[in-house]
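Taken straight from TrEMBL:
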| type | residues | note |
| --- | --- | --- |
| ACT_SITE | Lys119 | active site, charge relay system |
| ACT_SITE | Ser194 | active site, charge relay system |
| ACT_SITE | Ser218 | active site, acyl-ester intermediate |
| COMPBIAS | 24-33 | compositional bias 'Polar residues' |
| DOMAIN | 68-516 | domain 'Amidase' |
| REGION | 23-44 | region 'Disordered' |
| TRANSMEM | 527-544 | transmembrane segment |
Amino acid sequence: MLLSTLQTPRSLSRLSLTRHSHSYNSRASLTDQTPTLTTSPPPHSEILSTRQTLLSRRASAVDLALSRLARLRLAEPRLRAFLHLPDDDALLAQARRLDARIAAGDDPGPLAGVLVGVKDNICTKDMPSTGGSRVLAGYRPPFDATAVKRLRELGGIVVGKTNMDEFGMGSTTEASAFQVTANPWDESRVPGGSSGGSAAAVSARQCVVSLGSDTGGSVRQPASFCGVVGLKPTYGRVSRFGLMAYASSLDTIGCFGSSVADAGILLHAIAGHDRFDATSSKQDVPDFQSHFVSLSCLESKPLKGLRVGLIRETIDKGVDAGVISAIRAAAMHFEELGCSVNEVSLPSFSLGLPAYYILAVSESSSNLSRYDGIRYGNQVYADELDSLYGGSRAEGFGSEVKMRILMGTYALSAGYYDAYYKRAQQVRTIIRNSFKEALSQNDILISPAAPSVAYKIGEKKNDPLAMYAGDIMTVNVNLAGLPALVLPCGFVEDGPAGLPVGLQMIGAAFNEVLTLPIHCTGLLVDGALYITGSFVFFTSLLVLKDIK
C-alpha cells in the first residue's frame, strides 16, 4: 500500500503569516514508471514551477509529460475523470517541439509544458468533443475553441477531454452518457458537476490545470466538492467560441487549479476579446500575476480596509451545519487579517434558483434543437423526416437533457411565455441590481459554494429537485454575470479523511483582479495555507494510496 500511514489535512495546525507552510508534495518521477512521492514543499504555482524547470534545464518537457501521464494512467481506472486521451506519441511530439524551442533559445510561452485537461463540451480539433452525450459520440470538430487555441499558442498541452454531465445539465457527472467520475477524496462520492471530471483531474494531479464551463455553478460547485480552486470569470471575459451552447446568456468558460495563482495565470492566457464571439468583452485583460504578493512581504493585517459582506441568506436553513461552521470560521479569519466583515441581506437571493431554471432550460430548448441527426448529431435511419428527427434525439439524448428540453419548450410556448420566461427575466434584473447595490457597499461578497459537501453517488439521482436545490449558492452569480472564485476553507468530518468545504468570493463585474490577490496574499482558513497546493497533494494520495 502506498503511504497508508498518511496523516489527513485535518491534523494541520494553524499557521503563522510570518512563515511558509511546509507540507508533503506529490511529484511523479521523471520516467514512465510508477510515480514516487517526496517531501519537498509544493510550489506556489505549478505553472510557474513547470516553466522554471524547463528554462533551467532541470527537466525536459518530455520528462514532465511522462511524469504526469504516469500519474494520470495510474489513477484513471478508479477515478474515471477523462473521456478521451490523446495518443501518447502525439502528446509527446508536442513536448518535443517545446524542448526544441527552448534549445533554440526561443521563449516557449507562459504555459510551456503545462498539461491541461479540457472539459468535453469545449471543442478540440485533435480529439473527440462529445459534450458527454451519445448524440455526438465520435464527433471531432474541425477547429479548436478560442480558449484552447490560446492556451496552445502559449505552450500549453491538452492532455485529454474530461468527463461531464451531458451538455452541462447536472451536478454530479451521473448524467454523463459514458461514465460516472469518482471524487478523489472519497471514491463513493460525486465530484460535483457538470465539470466534475475537470475538478477531479486537478484534485488528483492528473493534470496541472483544467478548463471547465460554468452556467449555474458548474466550475465552483465541483471545486468545492474536490477541494481545488475554481474560477468563474465575468460573463464576456472569455470567448465562448467553440463552447457547446447550453444557455448562451449564462455560459462561461472557467478555470481549475491547485492554487489561486495557477487559476489566475490560466485565466490571463485565455481571456480577451474574440471576433468570433460577439458577447466577448473588449475590456483590457489585466496581468493578474503582477498583483500577487509574496507571503514574505505581508504585514500582520494584510487585508486591512477590505470590506467583506457575508450573504446572510447563504448561512440559513437548508445549509449543513458543518458548512456554516467552516464559512463562519473563514469570515472570522478575514477579520484577523484586517477585513471588516458584515452580514449582508439579499432578499432576492432565493428567487434566483427558479428564475435560473426557467431561463436555462428555455435557452437549452433552443440551442439543442441543432442536434437533429442532420445538422449535428448521430443519425438514426428512418423513412420520414419527422421520424429521423425523433429517433435521432430519442437515442442520442439522455433523460435529464430530454426533461430540460421539455420544460424549456413549455416555458416558451404561447400562453406561458409571459408567466414564466418574461417574469424570470424580470427577476434576473432584480437580482443583478441587488448584487450591484451590495457590491457598492462591500468590496467582495462571500458565501458557501454549496449547501453541503460531496454526497454519495446515486444519493440524489432520483430526486432532481433536491439536486437542483444544491445550485442555490451559485446560480445568482451567473444571472448577474459576475466573477466568483472558490477555494477550500475547511473540512466536514465525513469520508475516509474528511470532505472539503468551498468558500465562494464574488466580485464586481470585470474585477477578478481584486478577488484573486485576496486569496494569494495568504488566506489562512481552518489551519491550512491553501495557496501551497497541499490540498491537492493529500487528495492525490487518497486516490493512489490503495493502488498496488
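Cβ coordinates are placed from backbone N, Cα and C, and glycine is handled just like the others.
Where the annotation comes from TrEMBL, it is an automatic prediction and has not been curated.
Mean pLDDT, taken over the domain 'Amidase' (68-516), works out to 94 on the 0 to 100 scale. Counting in whole angstrom, Ser194 (active site, charge relay system) lies 9 from Lys119 (active site, charge relay system) by their C-alpha atoms. Across the structure, Ser218 (active site, acyl-ester intermediate) and Lys119 (active site, charge relay system) are spaced 11 Å apart at their Cα atoms. Counting only residues at least six positions away in the same chain, the Cβ atoms of Lys161, Thr162, Met164, Ser195, Gly197, Ser198, Ser210, Leu211, Gly212, Ser213 sit under 8 Å from the Cβ of Lys119 (active site, charge relay system). Over all protein chains present, the Cβ of Ser194 (active site, charge relay system) has 35 other Cβ atoms lying within 10 Å.
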